[in-house]
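K.L.:
Sharing a structure with you now.
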Amino acid sequence: MTLNSIKVEDSSGNTNDGTEASSSSSSSQPNGVHKVCLPPHRTTFQKLRHRLSEIFFPDDPLHKFKNQTALRKFVLGLQFFFPVFEWGPKYNLMLLRSDIIAGITIASLAIPQGISYAKLANLPPIIGLYSSFVPPLIYSVLGSSRHLAVGPVSIASLVMGTMLSQAVTYSKEPTLYLQLAFTSTLIAGCLQAAMGFFRLGFIIDFLSKATLLGFMAGAAVIVSLQQLKGLLGIVHFTNEMAIIPVLTSVFENRNEWMWQTVVMGGCFLIFLLSARQISARNPKLFWVSAAAPLVSVILSTVIVYLIKNETHVIPTIGHLPKGINPPSVNKLHFGGPYMALALRVGIITGILALTEGIAVGRTFAAMENYQVDGNKEMTAIGLMNIVGSCASCFVTTGSFSRSAVSYNAGGKSVVSNIIMAATVLITLLFLMPLFQYTPNVILAAIIITAVIGLIDYQGAFRLWKVDKLDCIACLSSFFGVLFISVPVGLLIAVGISVFKILLHVTRPNTNALGYISSTRSFQSLSRYTTAVRIPSFLIIAVEAPFYFANSTYLHERTLRWIREEEDRIKANQEPPIKCVIIDMTAVTAIDTSGIDTICELRRILEKRSLKLVLANPVGNVMEKLFNSNALEAFGLDGLYLTVSEAVDDISSSWKPEKGPAQPLTI
């Protein structure tokens with residue numbers, strides 16, 4: 001059978017026998033029915049190359065290198081791998097002035113946050129300052145975001161501290177704990193850099209926004225409850241991260257509560273939350289929220305210093321060593337019974353850090369109308385953590401709170417990260433003795449204030465309003481974290497995301513279509529009241545690829561559409577169905593199982609004296625149908641360019657009981 005016999009030609013206008021269409025009019029039949037073209041011929045290698053390019057290089061990152069001289073390509077290569085060479089030559093004193101202000105402002109937030117998040121990860125406070133010094137310098141050379149402020153973040157710190165503390169505690173085995181923390185950071189960095197280099201950013205998309213919303217809210221509640229240890233002055237406290245063990249530990253140790261820490265913690269918590277509200281209501285006063293943590297640290301330290309001779313009951317940070325980051329290469333270990341734990345912690349914290357960092361970078365890039373290369377960002381964050389793991393740092397990424405402060409303070413480039421790192425360096429070299437009397441309770445208050453912002457109840461309400469399944473996923477993740485554990489909650493979040501994907505793939509939408517005369521188009525009968533059925537036709541739209549995973553469902557659902565339509569026709573005494581048209585406009589792909597399903601449907605309907613017609617198959621679907629010889633069984637009038645042409649052409653061929661044939665023109 002030739003291509004032309006079923007109204008098919010290739011994209012150049014050539015029929016199967018090699019003859020060329022002489023004019024545009026020759027590509028349509030006398031009755032106005034157009035031929036359905038095959039896509040341009042490509043070899044298997046060309047198809048594979050195109051597919052891999054769409055998967056790994058959808059943004060065509062090398063388009064700047066086309067038609068350039070060797071020298072220009074070298075310069076572009078430097079700019080591609082080291083964005084500092086792109087923005088550096090354009091930098092000026094006006095930008096520097098803005099970045100100095102922004103850098104000092106975010107440093108006032110980064111210093112107390114760094115100490116607090118290190119405590120959150122059950123690490124020595126000094127590790128938090130180390131992690132706010134080296135990583136920002138690395139990112140300023142490799143990062144492509146102008147506004148991303150990097151450092152420790154609450155979620156990654158929480159997950160690392162929770163997972164490591166379940167097996168090892170810092171108080172009992174400090175050396176082993178540090179080894180696991182630095183090794184996990186190296187693993188996280190290697191994973192992040194590899195994902196960026198091999199352009200595997202689509203993997204983090206399995207963590208949907210809905211599940212992350214629930215995960216972060218649950219983690220925020222658990223973290224806040226954990227800080228009751230510092231706010232109440234409890235010495236013996238549980239290491240578990242679930243709401244029931246935490247609350248049980250709080251009330252079982254009532255005899256350890258100290259009114260001094262409760263009063264101080266409550267006052268500073270009210271101060272921090274009030275400052276946050278002031279900045280939220282008036283963005284011009286962003287500096288109030290940014291400066292509040294540092295002001296709290298200074299005031300609480302002065303208060304504790306002044307009353308040190310009166311009372312010694314308020315626990316403090318104690319001595320912190322002066323000096324820059326010591327090397328930690330000797331603390332990286334890749335063997336022993338805890339290697340699996342380090343690997344697990346590194347993978348989970350690495351993915352969480354990537355998700356937050358890229359989301360924050362893209363948010364501010366959209367606000368300033370520039371693009372951020374997600375894969376380059378993953379590479380930059382990964383190398384930042386690799387270097388950091390060798391310089392006594394734990395997992396770092398882009399922080400939303402610090403980036404927001406930098407943006408509101410007028411930061412123009414990543415130089416603000418350099419200024420912040422320089423400020424932290426001065427602190428490490430000269431100001432460490434001042435933190436000796438900083439109370440632990442103030443760190444607990446800072447952590448609570450920071451993580452409360454992760455509870456987005458308004459976002460949960462929007463999910464319920466827009467997508468109930470997304471809201472269920474959010475709540476499942478939230479309660480998984482709250483009542484079981486943080487790692488299990490994360491697994492629930494990923495599992496629900498994957499389940500949602502499988503649900504949409506295996507149970508795609510199908511709709512019966514009707515004709516809307518005012519628009520001359522076919523639309524869903526259940527959606528548009530103005531859509532009318534075409535007598536003797538059942539038109540079904542499939543809104544998903546035809547895959548092995550859904551072919552059985554689509555087979556059964558199509559037969560059910562026919563049965564329901566026949567029941568409706570019988571009840572209303574209308575003309576019987578003669579033709580079933582499947583609108584394949586949204587069928588973006590098909591496999592052999594899908595082709596077999598279509599052929600099986602055609603045979604079943606043929607036995608019931610019903611005609612099956614395919615309308616508007618896309619290029620690759622058309623090619624596979626043709627190569628499988630499935631189209632031969634459909635005959636001359638089994639394939640059409642549009643549903644309208646199919647209805648007109650087929651109805652014109654039907655002979656009425658009386659009078660000449662009258663085509664149904666739409």
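Going from the start of the chain as shown, residues are counted 1 onward.
Positions of Cβ are set from backbone N, Cα and C atoms, glycine also.
Features from TrEMBL:
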type     : residues : note
COMPBIAS : 1-21     : compositional bias 'Polar residues'
DOMAIN   : 527-650  : domain 'STAS'
REGION   : 1-33     : region 'Disordered'
TRANSMEM : 100-117  : transmembrane segment
TRANSMEM : 123-142  : transmembrane segment
TRANSMEM : 149-170  : transmembrane segment
TRANSMEM : 176-198  : transmembrane segment
TRANSMEM : 210-237  : transmembrane segment
TRANSMEM : 257-273  : transmembrane segment
TRANSMEM : 285-307  : transmembrane segment
TRANSMEM : 338-359  : transmembrane segment
TRANSMEM : 380-401  : transmembrane segment
TRANSMEM : 413-434  : transmembrane segment
TRANSMEM : 441-458  : transmembrane segment
TRANSMEM : 478-503  : transmembrane segment
K.L.:
Looking at 100-117, 149-170, 257-273, 380-401, which one has the highest count of Cβ pairs under 8 angstroms to the transmembrane segment (441-458)?
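P.N.:
Answer is 257-273, with the largest number of Cβ pairs below 8 Å.
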K.L.:
Tell me if the transmembrane segment (380-401) touches the transmembrane segment (176-198). I count contact as 3 or more CB pairs below 8 A, with pairs 6 or more residues apart.
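P.N.:
Output yes: the transmembrane segment (176-198) sits against the transmembrane segment (380-401).
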K.L.:
What stretch of 210-237, 285-307, 380-401 shows the most Cβ pairs under 8 Å to the transmembrane segment (123-142)?
P.N.:
380-401
K.L.:
For the domain 'STAS' (527-650), report the average pLDDT of the model, please.
P.N.:
90
K.L.:
Taking contact to mean three or more C-beta pairs under 8 angstroms, with sequence separation of 6 or more, is the transmembrane segment (100-117) in contact with the transmembrane segment (285-307)?
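P.N.:
The answer is yes, given that the two segments have at least 3 Cβ pairs within the 8 Å cut-off.
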K.L.:
Do at least three C-beta pairs under 8 angstroms join the transmembrane segment (210-237) to the transmembrane segment (478-503), pairs 6 or more apart in sequence?
P.N.:
yes
K.L.:
Is it possible to list how many residues within the domain 'STAS' (527-650) are helical, extended or coil according to DSSP?
P.N.:
60 helix, 21 strand, 43 coil
K.L.:
Mind checking which residues of the chain, 6+ beyond the ends of the transmembrane segment (149-170), have their Cβ under 8 Å from one of its Cβ atoms?
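P.N.:
Contacts with the transmembrane segment (149-170): 106, 110, 113-114, 117-118, 120-124, 128, 131-132, 135-136, 139, 143, 176-178, 180-181, 184, 216, 219-220, 222-223, 239, 241, 338, 341, 344-345, 348-349, 352-353, 356-357, 381, 384, 394-400, 402-403, 405-406, 411, 416-417, 420, 447, 450-451, 454, 485-487, 490.
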